[in-house]
Each structure stands twice: as C-alpha cells, then as structure tokens.
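Quick look at what Swiss-Prot lists:
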SIGNAL    1-16  signal peptide
DOMAIN    29-267  domain 'Peptidase S1'
DISULFID  58-74  disulfide bond
ACT_SITE  73  active site, charge relay system
ACT_SITE  121  active site, charge relay system
DISULFID  155-222  disulfide bond
DISULFID  186-202  disulfide bond
DISULFID  212-243  disulfide bond
ACT_SITE  216  active site, charge relay system
C-alpha cells in the first residue's frame, strides 16, 4: 500500500511539470516572436549584481522548487546572482513574479571554459528559498535518461536574448521554432564537424531562426506525445559568424545525457 501510494505520488509529480496553464501559441514566425505571457512558466532570467543594478545575463529552467538548470558558461564564482521567475517582460515588475537569490552554484565537474566544444556546459543553481508553484511559475520536465530526438523533431527555444546578431535585447520573452538536426548531419564537415559531440543537441541551421546572446542557459522545449513539454537542451553556443548562420545550428547541452548528475546534485545538496 505504501509502495503504491509512493508510486502514485511520483507519477502525479511527473505529470505536474511541463503543462503550462497558459498554452503557448506556436505559429512559425521568421526570426522568432513574442511568447504568449507565462506560456513557458519554467523559464527564468538569471541576473547578476552590477554596482547595485541587476542585469540579465542568461536564461534557465526551474526543474525543482529549489533548483534552476542553466549553462556552466553563464556562471562566474565572483558574481552575486538572483533568479527572476514568472516574468514575461523584464522591464516590468509583474504581479506573481518573484526574484530569489542564489545560495549555491554547482557547475559540472568536467566543464572546462577553455574547451567549450568538449561539452558538459551545465550547471545547477540552488535558490535561497524554495518557490511556490503557480500558473506563472511551474517546473520544466526533464526527458528520460539517454533520450535522443530524431532529425527534424520540432522544438522551441525561448529566452530574452538578442533579436539578431549585434541587435537589441528584448524586454518580452521570445520564442522560436527550431528543428532538431541529428548528430550524423550536424557533425558533417559542412556543418559543425568535430566541434559537436554526442553530449550535445543541434537545432536550427536554416539561417533564419536561432538562439542568440542572452539566450544562453535557457531551455530547448520539445513536446512529447502526451502533450507535456520537456527540456531537452540548454543553450550552449552558436557560430562566431552570427546568430542565424546557415548550416550552423544552435548547439545545446543534451539534458538527457546528464539526468543522473542532475538527480545526484539535487539529492546531495
């Protein structure tokens, strides 16, 4: 009976993530578009203190009421961070949004900032206090360990990154549709070649829509057959030639490669 109760609780917990109360509107729009307010309620803004002013630096995903998933390259041990949750516009103090200080930074032990192409661009941030879940603040689902998405699987990248190479940064959360590019294609010489590893996901490369500066650390959202959105990627890097360069897809940390690490960090901290 206890085992059955525990199992039902775990199943209920799994179903409580990745299902926004405000469903995203998903037409394909060249260059991305404003997201529907609070339709990606696990998306957070990671901000750092700059002489008393909080500045957006990266995105992230709320994966537990006390933990945010982001990219390792977003983190500097010398900075003080906070996480802003439940926000649509970064310039407006919206009702129901929260700003919570970060109490602990856990960067993957194999991350090397001088060797970005080795991967392991993943970090977890512990919040100073757990957050309550609402329609505006929800958990992102993680995929099953080892999951590999097929070529051309439809996903959406979200964030407050630049609208184009060297362009302006938006106040409003943006979304853009990206198609997954499988490893066999993305690792071809005319694409990313040996820069891309199997612990990464490529998506995009059409020369139109991509992630850009300021999106780093944010989620690649992919919908499962049951309607739940899962966070399959963490924005890691793009081409130095520009954000929307043809045959240079956005590259993401493949979350399904790090499920054991994520669970271990949360359980032991």
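In case you wondered, yes, glycine gets a Cβ from its N, Cα and C as well.
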Those residues of the chain, 6+ apart, with a Cβ under 8 Å from that of residue 202 (disulfide bond): 180, 181, 182, 183, 185, 186, 191, 192, 196, 249, 250, 251, 252
Those residues of the chain, 6+ apart, with a Cβ under 8 Å from that of residue 222 (disulfide bond): 143, 149, 153, 154, 155, 156, 180, 229, 230, 231, 232
When distances run from the Cα of residue 121 (active site, charge relay system) to each of the recorded positions 58, 73, 74, 216, the nearest one: 73
Surrounding CB atoms that lie within 10 Å of the CB of residue 216 (active site, charge relay system), all protein chains: 24
Neighbourhood of residue 73 (active site, charge relay system) by C-beta distance under 8 A, where only residues 6 or more apart in the same chain count: 111, 113, 116, 121, 216, 236, 237
For the disulfide-bonded residues 58, 186, the one whose C-beta sees the most other C-beta atoms within 10 angstroms: 58
Distant-in-sequence Cβ neighbours of residue 74 (disulfide bond), under 8 Å, six or more positions away: 46, 57, 58, 60, 123, 216, 217
Residue 155 (disulfide bond) - helix vs strand vs coil (DSSP): strand
